[in-house]
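Peer 1: Mind looking over this structure? Questions follow.
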Amino acid sequence: MTAQALIQVKNLKMRFDQHLIFENISFEVLQGDFFCIVGPNGSGKTTLLKILLGQLTPTSGQVQRQVDNSKIGYVPQFRNLDIEYPLSARSFVALKLSHSLIPWLSRSERQLVQNSLAQVHLTSKSSFRVGQMSGGEKQRAYLAQAIVNQPEILILDEPTASLDEHAKFLVMDVVQELNDRGTTVILISHDSSVLQRFGKHKLELTGAKD
Amino acid sequence: MLQYEFMQNAFIVATVISILCGVIGVFITIRHLSFLTHTLSEIGFAGASFGLWLGWTPLNGMLLFTIFSALAAGTANRNRPLKSTVISLISAFFMGLGVLFLSISQANSSYATNILFGSIVGISNHDVIQILLIALGELVVVFLLYRRLKFTFFDPLGAQNSIRHSWAINLLFLIMMSLSVSVVSQIVGSLLVFALLTLPAAAAQFFGRSTSSLIGLSIVFALVGTWLGLFLGYLTNLPVTFFITTVETIIYLGSALINKSLTLGIFHKS
């Protein structure tokens, strides 16, 4: 049985004013895929992600998604929570459960928070402040928040940028575990050591030549 | 002390406003909006003197000006924060406008002092009811939108993809900020709204690790300041505002000190 395509992109073109970012981009992301978008700075990787998330409208081309935003977990680049950021990992993860009108968390919601912290191996640090965590731990806390409502697709924008080798692979091992359990992963990276070890399919953006 | 009606009114208003400040202040401090709060209060000063000129209550004039400014700022700047030079310009212009309205309304100087530095013991029954209704309305909105507000303010980047119309939530919060600034000015005056809207919440940040604990601590710190301020003001006949700002400053500095020694203690242990 062939896997279902969750995202199909055809002939995508993006232009900001006179500047062409990319054109003729076509690909599909299958259920259970580990899909990497690679390319140098300025090649339009984050722009492409924002189009997939529906935050930007492409100049031309088609994007068909089988899942809506509520089933997509997104870890943006440049979160930069500083040392004074007060929330604990547990409270930070719970922020994502934002669609209820009741202020306090239900028992099942608290369980979801615990589960996602366990999946990123942060259970023992759940009451620590996110602002005071190391870079790798912060990244795993962001991941835990993105997966708290059990998304079908997880989209990660440069999750290993500015991490050392050890922290980088701790984060990526967690992503691989999530993928092994069935979550479709879309990863943006320009880190060759990560791309050598992870990912089933790759899309290379080279940057437009005008 | 509580046998006097003006003191009863003062305590009721102080309590409700402290709760409001505790809640709203937490969202203001996490987004570093203290400077904007100050600007809104200066706009409020112009509004209060405008109200005086027209024969309204200062509170109504203040509400008119601050809400209008919040709407203008929120709709004009959906994505970009205002530059500090623009904020300074707005502050200066409105303070000047306030002086003009005060002058042409020929109000005596005690009105100006009341608007700028507060006059909680001179608050009327009508004002009490209006302040209670505004504060209650705001607290209900925060209660219903609590989770969305939390996500939008404590993790704006993360919320971008999950919360639709987060600009509307930001705009609504700006309006709530203007309402809060206007009612808080009734206690500490428009020049010192900082004291209640940001200091208790900033002190709470040293200890709280969840939004609810930040709000709880911030309410307690605000209540200690206003109650103690009223009590000491009654005893000594010195301005209540002076005591409130002093107590809040002491709470903030004390919290910073305790936090520092706790952190050092942890380092020593390890």
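Quick reminder: no glycine exception, Cβ is built from N, Cα and C everywhere.
Feature table excerpt (TrEMBL):
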| type | residues | note |
| --- | --- | --- |
| TRANSMEM | B:12-30 | transmembrane segment |
| TRANSMEM | B:50-74 | transmembrane segment |
| TRANSMEM | B:86-108 | transmembrane segment |
| TRANSMEM | B:128-146 | transmembrane segment |
| TRANSMEM | B:167-184 | transmembrane segment |
| TRANSMEM | B:190-207 | transmembrane segment |
| TRANSMEM | B:214-234 | transmembrane segment |
| TRANSMEM | B:240-259 | transmembrane segment |
Peer 1: Can you find at least 3 Cβ pairs under 8 Å between the transmembrane segment (B:240-259) and the transmembrane segment (B:190-207), where each pair is 6 or more residues apart in sequence?
Peer 2: yes
Peer 1: Could you give the residue numbers and ranges of same-chain residues that sit at least 6 residues beyond the transmembrane segment (B:128-146) on either side and whose C-beta is under 8 angstroms from one of its C-beta atoms?
Peer 2: 9, 12-13, 16-17, 19-20, 23-24, 59, 169, 172, 176, 179-180, 182-183, 186
Peer 1: Mark yes when the transmembrane segment (B:86-108) and the transmembrane segment (B:167-184) have three or more Cβ pairs under 8 Å (sequence separation 6 or more) and no when they do not.
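Peer 2: Contact criterion not met.
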Peer 1: Does the transmembrane segment (B:86-108) reach the transmembrane segment (B:214-234), going by 3 or more CB pairs under 8 Å (6 or more apart in sequence)?
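Peer 2: By the criterion, they do not touch.
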